[in-house]
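Peer 1: The structure is given below, and queries will be raised subsequently.
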Amino acid sequence: MTEVKEYAGQDYDVIVVGAGHAGSEAALAAARMGNRTLLMTINLDMVAFMPCNPSVGGPAKGIVVREIDALGGEMGRNIDKTYVQMRMLNTGKGPAVRALRAQADKHAYHAEMKHTIEREPNLTLRQGIVDDLIVEDGECQGVITNTGARYRAKAVVIAAGTAARGKIIIGELMYSSGPNNSQPATKLTANLPKYGFDLERFKTGTPPRVDGNTIHYDETEEQPGDVEPNHFSFTTPDSAYLDLKNQLSCWLTYTNEKTHEIIKANLDRAPMFTGVIEGVGPRYCPSIEDKIVRFADKPRHQLFLEPEGRKTDEWYVQGLSTSMPEEVQQKILHSIKGLEDAQMMRPGYAIEYDVVSPYQLRPTLETKPLKNLFTAGQTNGTSGYEEAAGQGLLAGINAGLRALGKPGFTLKRSDAYIGVMVDDLVTKGTKEPYRLLTSRAEYRLILRHDNADLRLTAKGHELGLISDERYADFLAKKATLQAELDRLNQIRIKPNDEINAFVESHGDKPLQDGVLAAAFLRRPYVDYQTLLQFIDAPEQPLDRHIIEEIEISLKYAGYIKKAEENVAKLKRMEAKAIPAQIDYDAIDGLATEAHQKLKKIQPETLAQASRISGVNPADIAILSVYIEQGKIAKVQ
């Protein structure tokens, strides 16, 4: 075969490899910060495509989308334009775990994001396959494509996803492929070990798609959207919300004993159990065959039938991810209530792909082996569109800052779920596809759906991703919120017959003395609208989102205060930096495991070091004393 001749392509400030959910956010962020940016993708028809579930959000993930929006990212705006159903989950639980979830029109989502990218002034979108990096003096200085183009840049982001040496598995069938039968990238990650990178092999899977015209909906349970408006973007008005007649329902059904018998009878053909699949799969999104084996005592498992869009009859069978042979998949489908006559349009499959071991990353998502190279998304070992988009935004911001010659940007665990995720990856690593859960966030009461803008919009404005106009609106909202909180902390409600009758009707003791309106609102049976029956309303009616923020701030004030005190302790630890050139071999007294882990992960602060598995408080005390004593000769 004739060798492809290389040629000099254009120079850019930032190059992003891969235009999935991570790459799209990375490229938009870098470009909006004023950098000439190139976004490379294997196929222009796969930009921000949803090869698995046609949805955005859910527990923890929905909050990440709000954080992306608060920082100036695109995912929230894009799904608000293209959803077919919206639901707020966990409404019966506390505010820390409430999460928005949207059913997406996957084709409209892709088209809208692609058009947004095409209209961005500093951003060039180009189809092509990146085979290798341009590396000089230990620094990444660009990329080389399969057509021979050498594009140089000040910073590069790799967001290759499951296309990175992807391999699809369906029963006994195996072939090289990216997601959804797209072309894979076979050389880029294969070249990374020569630059000092350690790679892992992960796998994920997807369920079969069925023809919606062949589903018996009357045998399933309807799951409609919400009547009350909700949005992912803080900029989307309530007037844009779709009423129920314009939303599409999902439908609930279940596996049964017959389904389980079919699966058990064919486990000898299941790649997951025959040793064919080598990659590690996601713990929190197991295949149906894995569920049947691991949870053998359960008589049934939930399945949600979800529309893939308005202009397609393909339906996604959520909960039925599988890599069983095609004929077995058909038998499984026909054993399920409502799917007895369902026509399978696409079989489910497993896909294996390359992952960069995340201990090789800094909190900015820059790689340790190569300066100026950043990675994001499934390349870093995560699962999920939202996790990918959050990392993409952070990597794009930092690639953009590097190109501008500015210091890096990080998010702490107390700032955002994005910060929790990145800290988990770089500090603890992951041996399986990482999924964000509310339980991973120790400060989840202050990392809520409702307050993402209060946490992050000022940072987004400082980075140049939030317009002055939007920032002014945010400051006005913040001022209104604070003014009403101050007012409620000044107004005193005095006891009278009306107020005491109300209090006693809820089984409470009558008021003896006056009580502040803020304190009265903390009572579990009092909401803001009820409070206004006993005090004057503010001069201007309040937006319902501000009312929600007021209620949460006051009702959970004690818990929030405790969380903020813990955050203050964390920040003191985060302020204790570990010198970059520290020599762990020279520190006496460290436990062997601690010594090995510290040397491998190279934490940047004592707080990060304290979160490493195998590093105990005694090791942190030794390390702290060593740094404070300023043993410069050994440190440097």
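The count begins at 1 with the first shown residue.
Heads up, the Cβ atoms here are built off N, Cα and C, so glycines get one too.
Okay, so Swiss-Prot annotates it like this:
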BINDING   Gly18, Ala19, Gly20, His21, Ala22, Gly23  FAD binding site
BINDING   281-295  NAD(+) binding site
Peer 1: An 8 Å radius from the center of the Gly18, Ala19, Gly20, His21, Ala22, Gly23 Cβ atoms defines the neighbourhood of the FAD site; name the other residues of that chain inside it, in order.
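Peer 2: Same chain, not in Gly18, Ala19, Gly20, His21, Ala22, Gly23, Cβ within 8 Å: Val16, Ser24, Glu25, Ala26, Thr41, Ala48, Ala159, Gly161, Ala376, Gly377, Ala388, Gly392.
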Peer 1: List the Cα distance (Å, whole number) between Phe295 (NAD(+) binding site) and Ala19 (FAD binding site).
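Peer 2: Counting only the Cα atoms, the answer is 37 Å.
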Peer 1: Quick one: pull the CA-CA distance for Ala19 (FAD binding site) versus Lys291 (NAD(+) binding site), whole Å only.
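Peer 2: Here the two Cα atoms lie 32 Å apart.
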Peer 1: Just give me the nearest neighbour of Val293 (NAD(+) binding site) among the binding-site residues Gly18, His21, Gly23, Cα to Cα.
Peer 2: His21
Peer 1: Report the member of Ala22, Cys285, Val293 (the binding-site residues) whose C-beta atom has the most other C-beta atoms within 10 angstroms.
Peer 2: Ala22
